[in-house]
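Engineer: Next up is a structure, given as structure tokens.
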């Protein structure tokens with residue numbers, strides 16, 4: 001009833017606005033975009049249900065079907081839609097085996113490595129299409145050795161084992177998921193001398209108490225988190241160029257020597273199997289923060305339990321499909337605002353990633369409704385649906401590498417949503433010039449879990465301002481845009497981590513019962529995602545604030561300064577460069593205000609249009625200046641010197657990643673030359689920040 005009344009009021013208001021303003025302001029269309037008459041929980045739920053009926057791993061016929069569904073849906077909303085295909089290296093499991101030999105005289109245990117269906121499971125008939133549990137791009141081979149429990153498999157965990165006198169060399173490590181990227185877990189194990197790695201979801205981290213799915217939201221005993229262990233981005237056989245048909249490719253030997261694919265075999269297992277393995281581990285008792293939540297006491301080994309692990313993969317060149325829908329801009333068609341989400345999933349993918357796909361398609365429907373009543377964006381909007389993200393951000397990275405120069409010269413911003421919804425609680429990460437835009441937009445969208453407040457209010461909580469994370473990690477498709485090209489970016493989601501991540505139980509039933517029963521969070525994500533895009537596409541001046549960027553860099557540099565006490569490294573060049581950026585941010589904000597005051601209510605003359613365009617180009621290109629053609633040391637693909645992944649955790653976001661890598665190396669070597677390398681990285685960042693200031697000022701020296 002209330003929604004019907006609201007729709008009637010909207011209709012009356014719209015008629016009045018069109019009567020008095022034949023060409024309504026863009027803000028009016030933005031208001032309509034958020035109105036109940038434009039949103040649809042049912043539409044999102046239907047998209048999600050359709051996309052997740054079957055498992056759809058990248059490169060499979062099932063995932064090709066989902067590409068067709070997205071293409072047809074975008075086309076039905078009158079978007080200019082098309083598919084771009086790439087021929088990329090992927091790997092699928094051929095055979096797996098894991099045998100535990102406990103302390104004699106116990107008999108060996110051969111694990112079945114199967115995720116089980118449950119009574120009444122609506123997906124039982126298609127469960128056979130779920131791929132056997134495996135790690136994407138895992139090394140084929142056999143490894144055997146005594147078990148060593150290594151907690152989360154981080155560098156600091158191995159340091160603790162070393163301090164305990166535990167020798168990891170020649171072992172099979174057992175590591176928990178939950179703190180760092182699984183590819184880094186396997187790489188750290190190899191660097192410690194292990195022959196193989198077994199990764200499991202510990203009940204304490206993923207079990208959600210005594211109730212698991214379908215009775216509770218937690219991971220069932222047989223549930224397994226699968227995923228890639230490749231630590232690079234894009235097709236590993238085409239580093240730096242697009243994987244088009246009949247292109248140049250690296251050999252298997254060259255790929256292995258790149259350092260981005262694992263050099264020891266690995267397998268993922270369930271928490272039930274993980275506890276069985278832990279029961280066969282003796283030696284010293286693990287520290288309290290390494291223990292689980294059950295009655296079992298975790299020990300570190302090595303042995304006496306012994307594991308034999310075998311994994312064999314089929315490596316193929318598979319066709320993948322990126323899908324695009326385009327709404328061409330009326331005044332600046334050569335300036336692009338990109339919204340992106342990936343479509344491929346390890347299994348059914350209700351949370352990861354198709355909650356985001358469903359929201360993207362609902363945004364397309366809303367934009368179509370706006371077009372029908374006369375809205376045309378100032379700048380071009382492109383909806384992007386990526387393939388093969390799960391293997392290593394492959395679909396987005398190949399497209400970026402193929403279109404690098406066009407993107408560098410024309411893209412205003414990239415807005416990413418991967419797992420749109422997994423539960424309550426809004427989160428965002430962005431490059432700092434987008435902070436104010438995110439906050440302003442969040443104040444316009446109602447909180448889906450509390451109708452008395454907006455998203456901003458629930459997001460901020462009792463704090464003066466909400467926390468906006470940064471995008472240094474390589475966890476989703478923003479990476480190629482920001483970290484390779486230098487395009488401003490944001491990433492939005494509701495909920496965060498969820499127990500059935502990358503397992504067979506990430507399906508529509510879990511979402512409907514635990515993630516978002518009424519699909520109102522999906523609608524909220526779509527509203528905020530779309531509104532940010534509309535502001536970027538329609539505002540006369542790009543809503544960027546580089547004063548916020550300067551303030552963020554200032555604080556990050558102060559934090560770094562505290563970490564470099566008594567090292568002889570000077571951060572004075574960085575502080576001076578940041579001051580230049582702050583002055584430039586202040587100057588361009590003042591210029592924008594002056595132009596607006598000059599124009600007032602009169603129409604823009606051509607000279608004014610050119611001036612607006614020139615100012616916007618400065619705002620757009622300033623982020624590019626934070627990149628360096630030489631890239632990070634030993635990680636040249638990553639060009640951004642401000643935000644990039646930690647060397648030992650691809651999920652870990654780091655400010656000044658090159659400086660961070662150099663500091664870790666200097667602390668390890670503690671030589672004059674190693675500390676000179678730290679100072680060199682400081683100068684590199686300083687030069688990049690100074691270049692950004694020059695771009696904002698629009699003047700050469």
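Backbone N, Cα and C atoms are what each Cβ position is placed from, and that goes for glycine too.
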Engineer: TrEMBL tags one of 5-22, 23-40 as transmembrane segment - which one?
Structural biologist: 5-22
Engineer: Counting by DSSP, what is the helix, strand and coil composition of the domain 'PA' (144-221)?
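Structural biologist: In the domain 'PA' (144-221), the DSSP-based counts are 23 helix, 18 strand, 37 coil.
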Engineer: With DSSP helix as H/G/I and strand as E/B, how many residues of the domain 'Transferrin receptor-like dimerisation' (569-696) fall in helix, strand and coil?
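Structural biologist: Taking the domain 'Transferrin receptor-like dimerisation' (569-696) as a whole: 87 helix, 15 strand, 26 coil.
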